[in-house]
Each structure stands twice: as structure tokens, then as C-alpha cells.
Amino acid sequence: YKPKLILRGHKRGVSAVRFSPDGNWIASCSADSTIKIWDARSGKLAHTLEGHLAGISTISWSPDSKLIASGSDDKSIRLWDVATGKAYPVPFLGHHNYVYSLAFSPKGNMLVSGSYDEAVFLWDVRTARVLRSLPAHSDPVGGVDFIRDGTMVVSCAGDGLIRIWDTGTGQCLRTLVHEDNPPVVSVRFSPNGKFVLAWTLDSCVRLWNYVEGRCVKTYQGHKNSKYSITGAFGVYDSGAFAVSGSEDGDMVVWDVTSKAVLQRLSGHDGVVLGVDTHPTERMIVSGGLDGTVRIWREDEA
């Protein structure tokens with residue numbers, strides 16, 4: 001992967017970046033309380049979404065790429081119409097501290113949110129009401145994600161626990177914990193739904209087989225001891241890769257199976273917080289404390 005575009009416009013650090021499911025757009029959110037929507041290919045700014053009263057830590061696209069949900073330090077979650085750049089009039093209220101992570105369900109009818117208030121909520125998108133409150137953690141919740149068929153949610157927290165929940169019943173199906181018990185800041189289900197990738201503040205990313213409850217791979221080479229860093233899965237010719245931000249300004253790409261470092265991507269000045277991979281093309285987007293959003297492409301042979 002080579003650097004292709006640098007998108008400037010955020011006035012403060014960029015906390016998360018996400019490709020839209022249709023691959024046409026990139027959304028970025030920032031400590032400057034705005035969300036920006038960029039054309040994924042040209043890098044042109046399409047909209048700046050304003051309305052939150054404090055910094056924004058998390059964004060999620062609806063499966064049809066028409067809506068964005070955002071979670072802010074103002075304790076609210078807002079929905080935005082991507083075509084118009086306008087916020088839905090009714091915010092999602094219920095958390096009593098910073099909203100740290102968000103994910104749409106695969107059907108787009110539910111949202112899961114994790115907050116500094118230690119709660120995980122399942123929301124009805126249509127009514128902006130809490131469907132279910134999961135008695136999740138005893139520390140701020142770092143990350144949440146839906147599995148691809150929507151039947152399960154994963155959450156993680158500073159207490160070092162990763163929990164898998166049944167979306168329908170709200171029951172905790174599994175608790176994963178590493179013997180060192182480092183704080184967990186971010187989690188993602190693998191695309192096939194069989195594994196969970198977890199970022200921890202001991203500079204490790206771990207791949208868990210959650211059915212068996214064991215850690216099957218540990219990826220190292222990035223730095224992560226303080227910030228809430230995320231990453232993503234992707235594919236290349238000979239298999240799957242995982243990519244992560246790092247506190248040293250790099251991104252690190254690993255082969256999922258062999259754990260080998262395939263590439264280090266350098267360019268950001270300072271911590272790289274958010275990384276995402278394009279749904280169909282060989283592209284990576286990153287955002288960091290330097291306030292920039294960067295697009296990386298694989299060279300066409």
C-alpha cells in the first residue's frame with residue numbers, strides 16, 4: 001500500500017474513520033465536534049455534519065450507506081442523513097457519560113453503543129429508544145461490534161473483559177479474559193463471524209476463537225499503551241490481513257494466519273487512532289491526532 005491522498009479540514013484530532021458499505025464514501029469524526037464525509041476516490045469533501053456539542057469518538061454507517069450514527073462526549077448519539085448532511089431531530093439519549101463506540105446491526109434496525117458510563121445499550125433505530133441495557137462491565141466500555149448475522153454483539157472494557165452477548169435475549173454467552181488482563185480498548189468480529197479481534201493496552205492485538213474461549217493469535221509490532229486504537233480486517237492475494245493504528249504514527253499490517261508483519265505504513269504525525277479497509281477495493285483509510293485523514297492504495301501491478 002502506498003499513500004495516495006491526504007484529506008485536511010478537521011481542526012483537531014481524528015478519532016475514527018469508516019468507509020461506507022457501498023464503498024463510495026469515507027466518514028471521519030473528530031474532537032472538533034464535527035463529522036466530515038469525503039468522496040472515497042477523489043477525496044473531495046461532500047459534507048460537514050455539525051450539531052454535537054463536544055468531541056466525537058465513534059461513527060457507524062447504516063448497511064444501506066444512507067445514514068451515519070455518531071457518538072459524542074456530549075453523551076448523545078445522533079443520526080445523520082448522508083444525502084442532505086442533516087441530523088435527525090431526535091437524538092438518542094440515555095448514556096450518562098461519553099459515548100465511546102457504536103455499531104449498526106446488519107439489517108440497520110438496531111444500534112449497539114458502549115459508553116464511559118460502563119453500559120452497553122441496544123437501541124431501536126426507528127424510535128431512538130433503548131431496547132435493552134446489557135449489564136456489561138465494571139469499567140468504561142471501549143468497543144462494541146455486531147456479528148454479521150446480527151445475532152450477537154461483542155463488547156470490551158478497561159476491566160480487561162471481552163463479552164459476547166445474545167442480541168435477542170441480552171444474555172452474556174461468553175466472557176473472554178487474557179491472563180495478563182490488560183485493558184481492552186477495541187473489538188471487531190472477523191468477517192466470517194468466527195473470531196473476535198481485540199486491541200489491548202499492552203501493545204498487542206489478539207485474535208480470539210470465542211466459541212472455544214481461547215486466544216489463537218497475538219499480533220505485535222505496533223505501540224498501544226494509552227489511546228483507544230482500532231483497525232480492521234482485509235484481504236490480499238494470498239489471504240487475509242489485519243491492520244491497526246499505532247501510537248508511533250505508523251500503521252501495521254499483519255498476515256492473519258502467520259502473524260508476520262506484511263507492511264508498515266508511515267505518514268501520520270503522531271498517534272493513528274482509526275483505520276478502516278474498503279469493502280471491495282484495495283484501499284485503506286486512516287485518521288489520527290494530526291487532524292488528517294489519509295487514503296492508501298495498493299499499487300496496481
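Cβ coordinates are placed from backbone N, Cα and C, and glycine is handled just like the others.
Among residues of the same chain six or more beyond the repeat 'WD' (7-48), those with a C-beta under 8 A of the stretch's C-beta atoms are 54-65, 68, 70, 72, 80, 82, 85, 228, 230, 270-271, 273-281, 283, 285-295. The repeat 'WD' annotation in TrEMBL covers 7-48 (among others).
Residues annotated as domain 'WDR5-like beta-propeller' in TrEMBL: 7-297.
Applying DSSP to the repeat 'WD' (49-90) sorts its residues as follows: 0 helix, 21 strand, 21 coil. Annotation source TrEMBL lists repeat 'WD' at 49-90 (among others).
The repeat 'WD' annotation in TrEMBL covers 92-133 (among others). Residues 57-64, 67, 69-73, 75-79, 139-146, 148-150, 153, 155, 157, 165, 167, 170, 186, 228 of the same chain lie 6 or more positions beyond the ends of the repeat 'WD' (92-133) yet place their CB under 8 Å from a CB of it.
Residues 97-98, 100-107, 110, 112-122, 181-189, 191-193, 196, 198-200, 208, 210-211, 213, 228, 230 of the same chain sit 6 or more residues outside the repeat 'WD' (134-175) yet have a Cβ under 8 Å from a Cβ within it. TrEMBL lists 134-175 (among others) with the feature repeat 'WD'.
Beyond the repeat 'WD' (177-218), the same-chain residues lying 6 or more positions past its ends with a Cβ under 8 Å from any Cβ of the stretch are 101, 139, 142-149, 152, 154-162, 164, 224-233, 242, 244, 254, 256-257, 259. According to TrEMBL, the feature repeat 'WD' maps to 177-218 (among others).
Outside the repeat 'WD' (238-264) by six or more residues, the chain places 1, 197, 199, 205, 207, 217-219, 221-227, 229-232, 270-275, 277, 284, 286, 288 with a CB less than 8 A from a CB of the stretch. Sequence annotations record features per position, and here TrEMBL assigns repeat 'WD' to 238-264 (among others).
Taking Cβ pairs closer than 8 Å, the repeat 'WD' (265-301) reaches residues 1-8, 10-19, 21-23, 26, 28, 30, 36, 38, 40, 43, 227-234, 236, 243-247, 249-253 in its own chain, all 6 or more past its ends. The annotation repeat 'WD' is assigned in TrEMBL to 265-301 (among others).
Long-range Cβ contacts of the repeat 'WD' (49-90) within its own chain (Cβ-Cβ under 8 Å, at least 6 residues beyond either end) map to 12, 15-16, 18-22, 24-25, 27-37, 96-104, 106-108, 111, 113, 115, 123, 125, 128, 228. Shown for the repeat 'WD' (238-264): DSSP residue counts in helix, strand and coil, namely 0 helix, 17 strand, 10 coil. Averaged across the domain 'WDR5-like beta-propeller' (7-297), pLDDT for the predicted model comes to 97.
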